[in-house]
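Here is the structure we will look at.
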Amino acid sequence: MEKDIIIFFDTTLRDGEQSPGASMNLKEKLLVANQLAALGVDVIEAGFPISSQGDFEAVKTISQQIKTSSIAGLCRASEKDITTCWNAVKYAKKPRIHIFLATSDLHIEKKLQKTRAQILDMAVKTIKYGKSLCKDVEFSAEDAGRSDMDFLCKVVEAVIDAGATTVNIPDTVGYTTPIEFGNKIAEIKRRVPNVNKAIISVHCHNDLGLAVANSLSAIENGARQIECTINGIGERAGNTSLEEIAMTLKVRHHYYNVKHTLKTNELYNTSKLVSRLTGILVQVNKAVVGANAFAHESGIHQDGVLKARETYEIMSPADVGVPESLLVLGKHSGRHAFFKRIKDLGYKLDEKTLEHLFEKFKILADKKKTVFDDDIIALIEEDTSSGKETFILNYLSATSGTGTIPTATVKISKSEGNKKTKSITLQAAACGSGPVDATYKAIDKIINMDIKLTDFSLRSVSSGEDALGEVVLKAEYKGTIYSGKGTSTDIIEASAKAYIQAINKAKLFYDNKKGK
């Protein structure tokens, strides 16, 4: 590995999924993993294998299917964790074990209730054990941003001696500033005698909005792996945004003088995919991938861009993969055109899924005069997000109007039995403050789950009076947030689909937890 190559370590499937409501099923995680591989991500952190059986299976499956990127699993500094992690990632062509252990006095004393000497011993022993299983082992010094510098350097030196191939310096709580963090990386590079035997990595959180700036400062001072997520998602205020780092290094390559192997024209597709699967919308003014990233309203700016794009644009839409034109399909479009458009949009789907999507496309095309790219993407994401469904919407009728009480009637199929092979149809009606509220109350009567709607948003997927509407929502069940989304030309139907998807996610997670 050349010393001036930046390694992109994507943790969307692990840290990114810790955003409330951002949990994904196995099918969705595979979609993201395949797209990250298409983007050219060097390392995909697929999950935390010991945290749940679902996470273990996801990491194992991704390890078996992705062949171009290294696949990492996160684990604590314990032999049990490391063994479980290895059992999940060992199927990968390029597996990595990622061990973390806190090094700040606050965490050592308050959380772990240990001494510095004990932490140093744990770090060395667990790295050696990890190395006995896997040749690629990463060590993360949790809360390095607030760790004593002398002790941090001592730990870094010791774990490299023990066999760590990458040492990660996280700003776990997003506390440091760019100058501070850059100086910390520079000091590690200067003081640790064996530092050149490992890659120095950084993992910055965005609590003060400085994650990208801190990561860039780290690059200037010798860090060569950046841990990040698509759209910057993650717990609390999120993580370093992969697309912002990638395009900064591309646009300002003469300043940073480093290289990377990402295919930046896949950034837009990757951003859209993650947004749709997690239910976390990208703000319109988000750098690089936001809807307004290449929009110009000022007359002076518009005039300049028309004369020479570089007057007000430092990068082109094509650099990040924004489609130059939207291909319009309709009810007369055939399989070939539809399948080709799906491929052009960056999706790799099996023949059975493609045929199923084509049938859904024809139904939509009968309702809409024109079907745009965003309509097709919405169909794909809705279809691939379903997972195992306990409840399926069969019928919906909702009425409302001036001077009338909104009412709704729904019929839902409920799968029963251990293998969900039997189903019964249930019906309920309810009144509400509006047609969506009435629909949700009718659904609640059937599902018999104490689920609470916490967030609801509706947007038009495409243009025109017959536009496809997309509802994205979050619902809480037994203390956990689940996301749901639904699309339809009927916004009441889209709302019902989104609610039922969140309910199915909650039911699946809770049943798995109970071992059903």
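Note that Cβ sites are derived from N, Cα and C of the backbone, with glycine treated the same way.
Annotation source Swiss-Prot lists domain 'Pyruvate carboxyltransferase' at 6-268.
The Cβ neighbour count for His205 (Mn(2+) binding site), using a 10 Å radius over every protein chain in view, is 25. Feature annotation from Swiss-Prot assigns Mn(2+) binding site to Asp15, His203, His205, Asn239; the stated evidence is sequence analysis.
Per Swiss-Prot, region 'Regulatory domain' is recorded for 392-516, and the stated evidence type is sequence analysis.
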Which same-chain residues, if any, lie at least 6 apart from Asn239 (Mn(2+) binding site) yet have Cβ under 8 Å of it: Thr11, Asp15, Gly16, His203, Cys204, His205, Asn206, Ala211, Glu227, Cys228, Thr229, Gly232, Ile233
Cβ-based neighbourhood (8 Å from the centroid) of the Mn(2+) site, residues Asp15, His203, His205, Asn239 excluded: Thr11, Pro170, Thr172, Cys204, Asn206, Ala211, Glu227, Cys228, Thr229, Gly234, Glu235, Gly238, Thr240
In three-state DSSP terms, the structure that Asp15 (Mn(2+) binding site) belongs to: coil
Tally of DSSP helical, extended and coil residues in the region 'Regulatory domain' (392-516): 37 helix, 55 strand, 33 coil
Segment-level pLDDT (mean, integer) for the region 'Regulatory domain' (392-516): 87
Other CB atoms, at most 10 A from the CB of Asp15 (Mn(2+) binding site): 22
